[in-house]
Amino acid sequence: MAEGHIQIQVGGSTIPLENTPLLKIPDLPQEPDLPDDQEIDKETLLDKTLQRLDFFLYFLGFNQSTVWSFLLSWGVFLVIGVLFPVVMLELSNCPGCEKGQIKSFEIGIVVSQACLAAASLICLSHNLRKYGIRKFLFVDRYSGHVERFSDQYVQKISGSVRLLVLWVLPCCLLKTAREIIRIMYVHHESWWQSAAILLVFVFSWTYVTAIILSACVLFHLVCNLQIIHFDDYGKLLEREPDVIVLLQEHARLRYYLSKISHRFRIYLLLQFVIVTISQFMTLFQTTGYNGIITFINGGDFAVSSVVQVVGIILCLNAAAKISHRAQGIGALAGRWHALMACSASADACPMRTSNSIGNLQDANKLGSFHIDSSESDLESLDFITTPTNTQLASYMSSYHKRLALVMYLQSNPGGITIFGWTVDRGLINTIFFIELSLVTFVLGKTIVVTPE
């Protein structure tokens, strides 16, 4: 469109004014940069992953946010997890069926599995109803870390789902094989009745097992998500010279661990107690039984024990891993402080021998802050070398600040706790020896060796 020009004639001279367009063209919207689009895609992927996880938990009955969902969840659990196996045991019970199943054994297994699943439903549904899936996993978008760790969050959630399938599927196949063998010894009026009983047994057992292991995997996921932040804190020591920022970040991490401990302490304690009682009841029943126990009539003991022990191992492994990672921050900060102090003293004294300068140059070639933590505690390795991109301080005030931070980190390691007891390697050893002592005590009371 043509522009209008206004001229004013004064004393024979013409003064042009500024060009003013007749129609002001609005500013075109700027196209968003590619990194912004990528961040939106990452957030969307995380949202979809959390929605799928929330739907899966709702399907198992963990979502009890309303009265109707609460009644539906517990109604389905009582029918599928308790009523179905008890009714099937009554229908399949017959005189002379001890070779295929022992009713007292089967009832005890149903009770122990139902109690463990009920404890999982009660504890996890309460936390999910109170906080929601995002705050429960500490991936709330208002915490300020979703954009940075979105990809790692998605990887951890996907890995936890694969871990659940990896354990539920083999246990389900083992249970199915055991039920097929049992049908061969427990005869019914028709094969369709036997097939119906088999399907009901397997379906009920899979449902209860999925609830038990889902709760364990969910706790495992919460701990693994916090490991991401502890690894990032180690990298923060390299790029952040401000001690106050490091102190505030560590306080935030300890706050998250205390919240996790508070939310899961009742669940972990109930799980330990129920599994211990279940295993000792199994030991009493098997050692006190006068008949012959084989894999056919006592195979459910092995299958249920595998599920319970796997759940305990998943919880202890996750809790011990995050506790050891939190305790290792103190040693990491101590090395960081030592290297900063040595580098500062080296800058203060430039007169060095050629040998010392060569050693320092070789040390600088090793790279900057490096952390390598493997899954195994025995193979874990974390070390740091002299940072090359950090402005080293040469003032005594900075030295004292770093020293105070190191003392604070070493005296406040943090970790997952159960009523004050930190779940680490020491507590696991204590639990093992207590269980071993109880097992030997029970065996001493039930097994009697008589001379011939």
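Cβ atoms are placed via backbone N, Cα and C, with glycine included.
Just so you know, TrEMBL annotations never went through curation; they're auto-generated.
Sequence annotations record features per position, and here TrEMBL assigns transmembrane segment to 67-87 (among others).
Within its own chain, the transmembrane segment (107-128) has Cβ neighbours under 8 Å at 57, 61-65, 73-74, 77, 81-82, 85-86, 89, 136, 205, 208-209, 211-212, 214-216, 218, 263-264, 266-267, 270-271, 274-275, 277-278, 281-282, 285, 300-301, 304, 307-308, 311, counting only residues six or more beyond its boundaries. Residues annotated as transmembrane segment in TrEMBL: 107-128 (among others).
Residues annotated as transmembrane segment in TrEMBL: 163-185 (among others).
Positions annotated as transmembrane segment by TrEMBL: 191-219 (among others).
Sequence annotations record features per position, and here TrEMBL assigns transmembrane segment to 264-281 (among others). If one looks beyond the transmembrane segment (264-281) by at least 6 residues along the same chain, the residues whose Cβ comes under 8 Å of a Cβ in the stretch are 108, 112, 115-116, 119-120, 123-124, 215-216, 219, 222, 304-305, 308-309, 311-312, 315, 319, 416-419, 423, 431, 435, 438-439, 442.
Residues or ranges marked as transmembrane segment by TrEMBL: 301-320 (among others). Residues of the same chain lying 6 or more positions beyond the ends of the transmembrane segment (301-320) and with a Cβ under 8 Å from any Cβ of it are 105, 109, 112-113, 116, 163, 167, 171, 174-175, 178, 205, 209, 212-213, 215-217, 219-220, 222-224, 268, 271-272, 275, 278-279, 282, 286, 295, 377, 415-416, 423-425, 428, 431.
Positions annotated as transmembrane segment by TrEMBL: 403-421 (among others).
Among the features that TrEMBL reports, transmembrane segment is placed at 427-448 (among others).
Within its own chain, the transmembrane segment (403-421) has Cβ neighbours under 8 Å at 223, 243, 246-247, 250, 253-254, 257-258, 260-261, 264-265, 268-269, 319, 322-324, 326-327, 329-331, 333-334, 337, 427, counting only residues six or more beyond its boundaries.
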